[in-house]
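K.L.:
Sharing a structure, written as structure tokens. Questions coming.
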Amino acid sequence: MSLTSWFRNISIRRKLIVISFFSITAATLLAILLSTLMQWSMLREDLIKNVSAQASIIAASSANELASNDREAAQKIVAVVVNINNIEFAGILDKKGNNFALYLRPGVTIAAHSHQGEKGASQIQNAAYIEISLPVLLDQEQIGRIHVRSDMNPVYHKLKLNILIIVVSAAGAFLLVVLMLMRLLPVITKPLQDLVGLMEIVSRDNNFTLRAKLSGTVEIDMLAKGFNAMLAQLQIFDNAFIQNSQHLEDEVAQGTEQFLESDTQLEKELVEHKLGKQKLKNVNEQLSALLNSLPIAVYRSRAEGDFAMIYMSPNVLSFTDYEPKDFIEQSDLWLTRLHPDDAEKMTSEMELLFEKEAHVYEYRWMRADGTYIWIQDSLRIIPEEDGIPLHLAGMWQDITTRKKVEEQLRKREFAYRTLTQNLPGIVYRLFVDEGHRMEFYNEMVLQTTGYRADELTDSSIKPLILDEDRPAVMAKVMLAVKEQCPFTVEYRLKHKNGTICWMVEYGMPVYEDRNVLLYIDGLIFDITDRKVAEEDSHKQQELTNLIIEAIPMRVFWKDQNLRFLGCNTLFAKDAGYIKPEELIGKNDFDMAWKDQADLYHSDDRQVVDSGTPKLSFDEPQTTPDGRQIWLRTSKVPLHNDAHQSIGILGIYEMITEYKQLELKLRESEERFRNVTELTSDWVWQIDQNGIYVYSGGKSRDLLGYEPEEVYGNTLFDFMSPEEGARVGAIFKKLTCEQKPFSFMENTILHKDGHQVILETSGVPLFSDDGIFQGFFGTEHDITERKQAKEALEESEYKFRTILDVAADGVCLVDKQTRKFIQGNNAICKMLGYRDDELYELGIEDIHPAEALAEVFLQFNKKRQGEIIVVPNIPVKRKNGSIFLADISSAAIILDGRTIMVGFFHDVTERKKVEEEIKLLATTDSLTGIANRRAFSTHLASELERSNRYGTPLSLVMFDIDYFKKVNDNFGHDAGDDVLQALSELVKRNIRAVDIVARWGGEEFMLLMPESDISAATAAIEKLRREISDFPFGQVGSLTVSFGITVFVLNEDSKVFLKRVDDALYQAKEKGRNRVEIL
């Protein structure tokens, strides 16, 4: 069977499941693919940034070593990357491109290639690795290059984890959709179940007067209508059978009576009897046809032995795929095809049949194709006159569909019980007439109240409800019982641990009929967290109200029908009211400014419908005393969580005095324009048709035309056709409005053909009788300004683009409020906040509380010019973790406010590497004690302290006697073990202030601050004996020679070191294993 045929033959329910499954699967796979690609891109970019940072640190740390040709120190710096698992190799090249220092991870090979002559940074990327190449700079001069290559394992490792999370999430979503689909299937399957149930009743009771109800579903209704038509036909056949039988009986009775009355009527009666038999035959044939049309099979079988079939109706083929003759020819067919689990049960079922003479039983039976169906077998014993069973008569009915429905019902019952057990609330049944006794259907009563169900008084939570809440709760419940409706009630409940919890209860009374209450079913949920959140929200609302009342501006807000929802007191007083509450529910037509209400509503409706703010515009208003004032207003839309406009928020300030000043300024400008020849702009006058009637001399400078050449032309004659059409439309509007205009930009063609951008301002001119005469105005050349503005806009766009892709975090902070007003993607990623969350934060929110004092101290130094960058500032992420950042800042003026622009550079990885490099630079890699460089630093510090305070300072130099023999006899590994063991032994036997270092080879230095020669000698003698008695593994015992000297004030360090070296030399000369003082 083809896939198309299979799909066409399956049920509607299965078709819905198949289509939904493939749709959900396709969507899930697409989502997983897109998420994986995004994760791959992000992880690769993070790895590039990390490798670049590591390369930068190594380049900066190795500059001095490269300049001084110190290959050993450079090799130690490069070897730091051995602690970074993803680094395959790191190499420093000199100016000629030769290897200066190289770290190569075991098992990794690199192709030889020359880097001589490369400038700047470069990188190589492919699926296997990322290679970064950076210049090594010293005093701005490139002295070499650093190359670092990282494998892609970190990316692939994180990508695997992310893909796993994505797949698990997609699987969860897939299962959720499947569950939703299974909840919707009953809409289709329920009508089918009803139809199957009706068929069972008709089959059992032979009641052909029943009819199937129409469900409203096209396919199901077609089946129901067909079934009803079949029942109607069966009813007709049944009625006809009854009538014919009755008629036949009447005729037989009449024939018998006539036979007794007259022999002459015998022949006629015999004829009528034959006719009656024919009619009876016809009825039987009709009954047989009826049985064949029903989904049942009628049979007869022997009443003993193998119970072989002696008759089977033809329609058995429709649900068994066997012909009736198969049952008759194969006497044991119906028994051998029984399901093995049902075969044994049939023995006891047959015994019941002979006890009751009729029995109905169900079993599974194998069809010809090997699949099992469920059969309902209704069997009856047909006895002879003496009571001995003659044969068995039965009827088979396919009940497979019903059995599947019953299985689905069992599964749904299990799902209901599972849901009840997993609900995050108490599921109960309450019996009001039994003292409010409760039965609980899950275990949440313990988690919610702290009590087990058997610990509750009277098996009810009623005693746990607070006394002050209990009467209201009981009244609400009894009212719901009285009105026969569901109820919802909130109350406080005392937990077993003594805490007070808020609960919400949903209940539904259940009645036996309209007047007899059986019980109340309900749910109880703990809403303590929600109540706490509501209290916090109420406090936040109170704070918002205080702010609105405190600002020196009028504030109001309306719903989407433009009715006032609230305002501050200043706005209420402007409207002629005392309290803001008096305005709620009113609109602008109810106010003193009703003459301007249409204007206000037009603006409000535009803001609400478009979702776009309208900011800082001027409009008039009528006061309660009839005066007209001017306002400067801003309006913004209010949105719900779905970002739908639900109202408007507005603020305004009084600008009446400003408007009056503006009017006086306009009058002054009118007088000023009369002095046309003194202005540097082109002054002109045009009539109502736009024809120049006057032109100032500046037309020569701006356009290249003499004033006489301008007269009689229109402005559009000096424009391109496109510009002329654009400006012409504007001029037509200005002519209709007859109002002053300013700052209108237009482009004029100079006499020599180049374009000149002008800014046009003009005022209307009127005759004495008020007739519009034209405009008087000026043209100002803004070509250079426009070019500068375009360049500035382009620069701002580039800046914004750079800002968004910058790896460092950038933010803008209001200096006065210390609140964030803007930030780029990097700062959000650093801090772990979204854009909208960032704007709610202040400086104090992103630094640990204990570090704020030091943070502000460092920023004060920055403002005073003492430092350029504030280094190593602790910054707190949203999740509470801390990282270090170098922060630089600058102040700008934006909209009259001082704004601080901050630049955050995360130095966490750099600090970690720096610490490792610093430790490597000052520690001997073999013994773990200070190296020669670190010891020299300590020596210089202690010499300075000794010179300043006159404290004693002893210096000890020692080495291992005959150490060469150790290496020769036992190998260098054993020698290294000896050096390590000796270092640990010395550290355990000196003071915390003493400093031991490896000077070179098997030579060591020990600096002993505040120790004179006697104290130093005693300590060293003790140390010498400890070393002599100590077993050094396979090497055995060893001895050490010591030289001691004490510092002489103000002497040179070289002299000091030379003297202790001489002391050690004497100890060697005098036989070793001794202490010499010099």
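Don't overthink the numbers, they just go from 1 along the chain as shown.
Note: Cβ is positioned from N, Cα and C throughout, glycine not excepted.
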K.L.:
Could you tell me which of the ranges 231-258, 651-678, 903-930 is annotated in TrEMBL as coiled coil?
P.N.:
651-678
K.L.:
Tell me the residue counts in helix, strand and coil for the domain 'PAC' (742-794), as DSSP assigns them.
P.N.:
12 helix, 30 strand, 11 coil
K.L.:
In the predicted model, what is the mean pLDDT computed over the domain 'HAMP' (188-239)?
P.N.:
67
K.L.:
Could you give me the DSSP helix, strand and coil counts for the domain 'GGDEF' (951-1078)?
P.N.:
62 helix, 31 strand, 35 coil
K.L.:
Short question: which residues 6 or more past the ends of the transmembrane segment (161-185) have a Cβ under 8 Å from it?
P.N.:
13, 16-17, 20-21, 24-25, 28, 31-32, 35-36, 39, 43
K.L.:
Going by DSSP assignments with H, G and I as helix and E and B as strand, what are the residue counts for the domain 'PAS' (412-484)?
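P.N.:
Counting residues per DSSP class in the domain 'PAS' (412-484), I get 43 helix, 12 strand, 18 coil.
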K.L.:
I'd like the per-state residue tally for the domain 'PAC' (487-539) from DSSP, helix first, then strand, then coil.
P.N.:
12 helix, 30 strand, 11 coil
